[in-house]
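To start, the structure under review is shown below, and the notes come after it.
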């Protein structure tokens, strides 16, 4: 059975007080193929645009994206494809102030999902070396 996820729950789709609000909201949820996201926002205040790439999402780079912007609340986005999906508000500086959501969509019959990666993992950090356990003395 599919689930409708109300983005931001009672907060809705708005410029959050914390830039991590939407990533924290998504962290505790499993998004499956066939589910939907519902974005609720005041008329003319916000919009919803699905970004093509993580790079565009991270940079809030939505040049030439006017064609695909949904402006009438509530916006329902059906999750039909596996993998990462990136949603932003293209109004003013809303995206750069944290009004953006990335989610990982898993198969409808998946039993366990991994949490999505953090929005900006460090690229130059090496994992710590694996040390053998001390030998018993």
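Just so it is clear, glycine is given a Cβ too, placed from its N, Cα and C backbone atoms.
For the annotation 4-hydroxyproline, the record in Swiss-Prot points to 121 among the listed residues 121, 132.
With every protein chain in view, the residue among the binding-site residues 46, 94 whose Cβ has the most Cβ partners within 10 Å turns out to be 46.
Within 10 Å of its Cβ, the residue among the recorded positions 1, 89, 99 with the fewest other Cβ atoms is 1. In the three-state DSSP classification, residue 94 (Cu cation binding site) falls within coil.
Across the fold, the C-alpha of residue 89 (Cu cation binding site) and the C-alpha of residue 1 (pyrrolidone carboxylic acid) stand 29 Å from each other.
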